[in-house]
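Student: Quick one: structure below, then a few questions.
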Amino acid sequence: MSEVERALDVLLQEAEELCIGSSVVELDRIPTALEFCREFYSKNQPVVIRKALNWPAIGKWTPKYLIEALGDRSVDVAITPNGYADGLATQNGQEYFVLPLETKMKLSEVVRRLDDPTGAVHYIQKQNSNLSVDLPELAADLRVSDLDFAQQSFNKPPDAVNFWLGDERAVTSMHKDPYENVYCVISGHKDFVLIPPHQLSCVPRGIYPTGVYKTSDSGQFYIEPLRDEEGSDQFTEWVSVDPLSPDLAKYPEYARAKPLKVRVHAGDILYLPNYWFHHVSQSHKCIAVNFWYDLDYDSRYCYYRMLEQMTSARSG
């Protein structure tokens, strides 16, 4: 065992003993800003707040209501053959990191497509503050003051407020984000698999050529490689393992990961701290809204960057 591997091993052991439990903490009430900051934000620990939201959106945002109120509204939609927007797929023996086919559609048409289990998978998941940009009328059904505990702790407004709508085939493959994520489920449920940042060395990652889904004249999906202005292939680092069915023979390091699993129901809030790996699946026609807050680039970020370099040095 190298000195780097020994140091990473110490980190895994001590973090397991001191920091992370075997399940995500659950609360039955919204915490004060002080409680949230002290117990979760400052410790980079996730928490689920059960039945926290008494918003008009809960119960109101049905597919029928969305069609009647905003059915003619044009929205960005991600389309894939398998439900994995921003994920790995293979074509002609080559594995790619693949972006979805993105297009504009009427909201009513998206909802209709969700009831076709044999067709392509349509998912409203544009992470550009699409609720504010495409569906601003829906903001009136959110009582964002319920999230003051988070905003006061982060001491900043959200960078983006995103609207999510898809069927049970839509999956978000495992990844991490440089954001504090306050995730609110409006209808249905979301299933999260979470891995803390200190387990970075347990999560296998690879560098993959980047592609995007396209459709042929016959409607068949294919992957078109992305290239830069000089014609060179583009590449993306991405998590190699599927946490729902990990190939431990191929990725033995993942055996040391200790994923946390949690189901977030309608009316629940999940606080997902920055740089936590997460994989997300969902129920049919699940609707959610999440609030992204940029992370503070403080000493914790510096330590995480050091961990990235140590993990790379071990692999290299």
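Quick reminder: no glycine exception, Cβ is built from N, Cα and C everywhere.
As listed in Swiss-Prot for this protein:
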| type | residues | note |
| --- | --- | --- |
| MOD_RES | CYS19 | cysteine sulfenic acid (-SOH) |
| BINDING | TYR123, THR172, ASN181, TYR183, LYS190, TRP292 | 2-oxoglutarate binding site |
| BINDING | TYR123, TYR183, LYS190 | succinate binding site |
| DOMAIN | 124-310 | domain 'JmjC' |
| BINDING | HIS175, ASP177, HIS278 | Fe cation binding site |
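What's the neighbourhood like for each of these?
Tutor: Under a cutoff of 8 A between CB atoms, and with a sequence separation of 6+ in the same chain, the neighbours of CYS19 (cysteine sulfenic acid (-SOH)) are LYS43, GLN45, PRO196, HIS198.
Less than 8 angstroms from the CB of TYR183 (2-oxoglutarate binding site) sit LYS190, VAL264, ILE269, LEU270, TYR271, LEU272, ALA288, ASN290, PHE291, each of them six or more residues away in the same chain.
When secondary structure is read from DSSP and collapsed to three states, HIS278 (Fe cation binding site) falls in the strand class.
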Student: In whole Å, how far does the CA atom of TRP292 (2-oxoglutarate binding site) lie from that of ASP177 (Fe cation binding site)?
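Tutor: That comes out at 10 Å between the alpha carbons.
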Student: Below 8 Å Cβ to Cβ and six or more residues apart, same chain only. Which residues does that give for HIS175 (Fe cation binding site)?
Tutor: ASP86, TRP238, VAL239, PHE277, HIS278
Student: Would you count the other CB atoms within 10 A of the CB of ASN181 (2-oxoglutarate binding site), including those on all shown protein chains?
Tutor: 20
Student: Are there any residues in the same chain, six or more apart in sequence, whose C-beta is under 8 angstroms from the C-beta of THR172 (2-oxoglutarate binding site), and if so which?
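Tutor: Result: ALA85, ASP86, GLN125, HIS278, HIS279, VAL280, SER281.
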